[in-house]
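**Q** So Swiss-Prot lists the following for this protein:
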type	residues	note
BINDING	His169, Glu241	Fe cation binding site
Amino acid sequence: MKTAVLLLSYGSPEKMSDIDEYLSKIFGGKPVPKGVAEENYRKYEMFGGLSPSNRIIQSIRDRLQKRFDQSGDVDVFTAFKHWYPSIGEVVPDLKGYDNIVSIPLFSFFSENVKASYYKPLAEALEKNDIRTKMEFVNGISNYDLFIPMWIHLIEEKEKGDSFYLFDAHSLPHPENEEDYLFWLRYSTYKITQIMGLRSSDFGFQGGHEGWLGPSIYNVYRKAKEKKIIAVPISFLYDHLEILYDLDYEFRKKIEEDGYSYERVPMPNDSAIFITLLERIVSSSITHLSGELIGNGKEKSENFI
C-alpha cells in the first residue's frame, strides 16, 4: 500500500520581486490595499527579502521522508496555499497512491484553517479524478508528543521570575472555533501544570475586530513580572508573524513599557517535531477510514 503524505502550509515569497504576486494570491486577485503592500515590503526588507519558512518546511519534508525511506511505501510532498508549488500543482503527483494523509502545519483543530486548506485540496482532487482514501489531520495537539515537545522548547528559556505568554493566531468567526479554544486552553493548562509555571496566560495576535481575543497587547499588561517569555504555541515554524510581529513589533512595544522580552524556539525541523509528524502519519495509515474523495464526498478527520 503506497501512501502520499501532503504537508500543507501558507507559503511565502522567495524574493522581494515576488511580493506583489504573493499578495495578489492572498487577496484572490483583488486589488491589494496600499497600506498592506507597504507593510509587507517593509517586513521583508528587514529580513533580506526572504522569510525562512519555505526553507524550514522543505527541511521538515526531507527529514520526515528519511524516516520512511526504509519501508519505501510513503512519499512526502509539500504544497502551499499562497505560493509555489501550489496545492493544485502538487495534487496531480498524488495519482496512483492508495492513501493520502494531509497535514496542515498548524497546531490546533480549527474550522477556519480546515476550510482554507481542504476546499482547494478537494477541488484539485476532483479536477484530477483522484478517488483515494484520505485522512485530513485537523490539528496535531491531541497527539502525545505535542505537549512534551513544547515543554522541551520552553525549558530552553525557562527562568524563575517570568510571565509566560502563550500566543496563538487570532481567527475570524469565533463562534465556530470552540474546539480551537479548547485545545489552546487545554494545552496551555497541561504545560503550566506539568512545569509548575506560576505566572502565565494566553492571548492572540494578528486579529481584527470581532476575531478571537484577547490580544497579546492587552494580556502582557497583567504581568507582575517584568520578564515576558512568549510561547507561540499555535505556530510550528519560524515565519514573519514570529520574527517580525512578535520578535520586533511586540518586543518593541513591551520594552517601551519597561518589560523585557524573550521567546522560546519554534519546533521547526527539530527531531522531536519530526517524530511527532512520523507518529501522526503512521497512526493515520493504521486506522485510515476516510470516504473516497471526489465529486464532493466528505473526508475523514483524525480528531479526538
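Every residue gets a Cβ built from N, Cα and C, even glycine.
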**Q** With Cβ-Cβ distance below 8 Å and at least 6 positions apart along the chain, what are the contacts of His169 (Fe cation binding site)? List them in sequence order.
**A** Phe204, Gln205, Gly206, Ser234, Phe235, Glu241
**Q** Specify the secondary structure state of His169 (Fe cation binding site) as given by DSSP, simplified to three classes.
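**A** DSSP assigns His169 (Fe cation binding site) to strand.
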**Q** What is the Cβ neighbour count of Glu241 (Fe cation binding site) at a 10 Å cut-off, with all protein chains included?
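**A** Here the count is 19.
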